[in-house]
Amino acid sequence: MSAQSVEEDSILIIPNPDEEEKILRVKLEEDPDGEEGSSISWNHLPDPEIFRQRFRQFGYQDSPGPREAVSQLRELCRLWLRPETHTKEQILELVVLEQFVAILPRELQTLVREHHPENGEEAVTVLEDLESELDDPGQPVSLRRRKREVLVEEIASQEDAQGLPSSELDAVENQLKWASWELHSLRHCDDDATAENGALAPKQEIASAGESHEVPGTLNIGVPQIFKYGETCFPKGRFERKRNPSRKKQHICDECGKHFSQGSALILHQRIHSGEKPYGCVECGKAFSRSSILVQHQRVHTGEKPYKCLECGKAFSQNSGLINHQRIHTGEKPYECVQCGKSYSQSSNLFRHQRRHNAEKLLNVVKV
């Protein structure tokens, strides 16, 4: 390869899950209009997750200068979000999905990622299926430890806001800026532990709360609380299941202290800590910690769609997909906006609707 061709290549060092490094050379060439374009074969690129990780882990020291750093970040972001093949809504869902997975407890992050969800709705379905299968769904705090419905209180009503040092005011301003995109995209976790007082429990308190649904604690961000965690945007009872108080739990996890009434449930749970994935797909080699997950995955290869709508005959590979589809026929709209009362059949539609409310709130606060 000539020196000129090397200079025209954009070289990205991408760590794979085994912490090895491989070099992807993205050849840039002139398009017919004289502008630079990419000759990337999108179908043969590695998993977008690799580029997402590299994009987030990229450091300034990884490039010779600021211009090169921006160029590398732009290319990594493009290879992750792939605007050439994804719509704006799909790109939005990828960003929402990333943030949602990031706020999950580490153990749940592992379980969600091995399903390779393509959007937030699929990630939520994974957690719902997990809770319905595990023996101890009565501890939903780990799944719902954060309120996603973020409402911004008027700064003028904060008595202490007038006396804030400039550094804290800057912190407040920065929160307003990034909240308009990052936080308001994920308003879908119903947290019984904070429904009464709107407070956010620290991770340590949540972990020790055990069976309790009332977890004390407040949001500590180093500045006065200008963010208020509002009511849930999910139907009441979501992530909940009635429990049998007489059922004793004699099996205890040595890692986290969680109790189970059946030894089989404990074995499944312990794979979260050990990372064991004994169920492998013979088609593609992917491994999973639970046989039920493997069964769902194999439908990607077989095309099997065992869940059929009795109204129109449309079939789905997962029961959750059928449930969502049936709302078209029944007219059910369980996802309600707590600010205006408008209801939707899909949580993703509610997310988009709430963005409008949150943007208006943020603009009003900035104008104060």
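Even glycines carry a Cβ here, placed using N, Cα and C.
When the ranges 47-97, 149-199, 251-301 are checked against Swiss-Prot, the one recorded as region 'Necessary and sufficient for nuclear localization' is 251-301. Of the listed segments 220-242, 335-357, Swiss-Prot assigns zinc finger to 335-357. In this structure, Lys277 is the one among the recorded sites Lys277, Lys361 with the smallest number of other Cβ atoms inside 10 Å of its Cβ. In the three-state DSSP scheme, Ser292 (phosphoserine) falls into the helix class. Under 8 Å, Cβ to Cβ, and six or more positions away along its own chain, Lys286 (SUMO2 cross-link) finds Glu114, Gly280, His297. Sequence-distant contacts of the zinc finger (279-301), counting only residues of its own chain at least 6 positions beyond either end whose CB sits under 8 Å from a CB of the stretch, comprise 111, 114-115, 129, 133, 268, 271-272, 317-318.
For Tyr335 (phosphotyrosine), the nearest of the recorded positions Ser274, Lys277, Ser292, Lys361 in terms of C-alpha separation is Lys361.
Assigned with DSSP, the residues of the region 'Necessary and sufficient for nuclear localization' (251-301) fall into helix, strand and coil as follows: 23 helix, 8 strand, 20 coil.
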